[in-house]
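Dumping what TrEMBL says about this protein:
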type	residues	note
REGION	12-40	region 'Disordered'
COMPBIAS	28-40	compositional bias 'Low complexity'
DOMAIN	75-256	domain 'Tr-type G'
BINDING	84-91, 149-153, 203-206	GTP binding site
């Protein structure tokens, strides 16, 4: 034991520089070439040293990681992804896999290595998908492990489904202290639909509150996976990482050998490079692709020449050929991300495949909001910023919009609330724009009296009441996982949002799954915040679109001094119209400065006023000079003042300050 401790201290002790070494970190080897730094053991310090991989195993793995470009037989390729809920340790585990296989050197390593954006690091979420090729040696046999790191949020479920279609297996990472969460379940079901081999991993076993036995039983009961040999690990401490790598090799099946078939490659991600155009990440399903091949995208029929192909390890490394089972990238001077959409199939132009790979669909925006620059001079800058973001994000849609209150801006469509937040934050951070953001809305379907169906995302574009027969709104199925103590408050929240109760299942003695169907419009406000607040942070949720349903919806207009303000119009359910109208009129009364005449503030449905407030006029005391005398003198002065106010009201115009708009928009997000 003393010898082992001494050797470990010797490795970790700082090595003195040779006098002649100058700025170099390591003294030259006897042959004259600079020696490489010795690979440190992956073993962590402290009480868990005995559980980590031995130094010799880590060193040999690191050396093997240097030869990542060497080809291996198709039977030695393993394609896998990691499924996890937010903050269950997915990125930390990916970091450890990259480090232990030598894919990334220790000196280059940083936390959340595959998360490139500052926003991802701050929030602890994966927004942009990444891939990494690792080389791992088992019994002197080299294996190629392709990790496809997927975003876990429901907004990006289509991208996740295409990434899963590019894999044969998945690591199901569950926090040993928190257990199974809603997002974990949703992604597991996606993986099962794609017939993936799932390996359960219980992470964070080093935490004092970890209960791996309870969580393993939970996984068996909820998902039905056998957890008798579930891997118990701590990605942070480096415990169990070698066992995970061994399980990837032994349990995940290799890809099918279809390298002789016509080329079919599945695009699972793409991004725009300002110098090379669009770079597409793909998995070769059938056949092979070489540098210089003329290729065709089967969804849009466009043709290109593959100028550059390579692998991601995790940086781009060029190769001459990729065959069935391999994962790589492609550069072909493509000008728009819309030409290389996620889920599309790449094939050879001269020898086309008989059919495209299944599952392709174009992303359709679900949530809309208006973006207006606070400074009107920034309108062109906002347009350029949105165009640049759209180069990397084909799901982002926008069109110009003008408002009498807020000037010129854009109506933007997003995949969901998280997608909307990310775009807003990137516009403000990366392009230094100050924005006003209207309350989020959804796409309604209006059935007109003439039989036509119109899709409407903006209240100002809603047809007149006489022209429409009915309005349909999108509904979602929402699954909420919660401890049993918070079932009451969560059901009350769902009922308040017009939810329809479907079922409640006790997945364990202490946790329940509650399923509701409710309008998407009721969820795009502060539903998630309220869910976390009422459950003290313990509940989690997942939702999926179930279709459109007819509802009693009305357009609520706000009129100030008998003039409608389109920017404040909303589409609400008839039962909630009064409470929303009352809240908006009261808030506007507080915020609009008093005028020289009386200003009525009204919430209307069509011509019917349902809530009203009045802003009293600023009045001069015309009776101050009357110290007595006849009452008719006072009446004459008051009548003259009233006539002046009436004339002023007829020609007067109320300017609503921008601060009032911003406060009311914030209120709309809360009350809708």
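The backbone N, Cα and C atoms fix where each Cβ goes, and this holds for glycine too.
Fair warning: this is a prediction, and the values are worked out from it, not measured in the lab.
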Which whole-number mean pLDDT does the model give the domain 'Tr-type G' (75-256)?
80
Taking the Cβ of residue 205 (GTP binding site) as the centre, how many other Cβ atoms fall within a 10 Å radius?
21
By a simple count of other Cβ atoms within 10 Å, which of 84, 87, 90, 150, the binding-site residues in the record, is least packed?
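Lowest Cβ count within 10 Å among the binding-site residues (84, 87, 90, 150) is 87.
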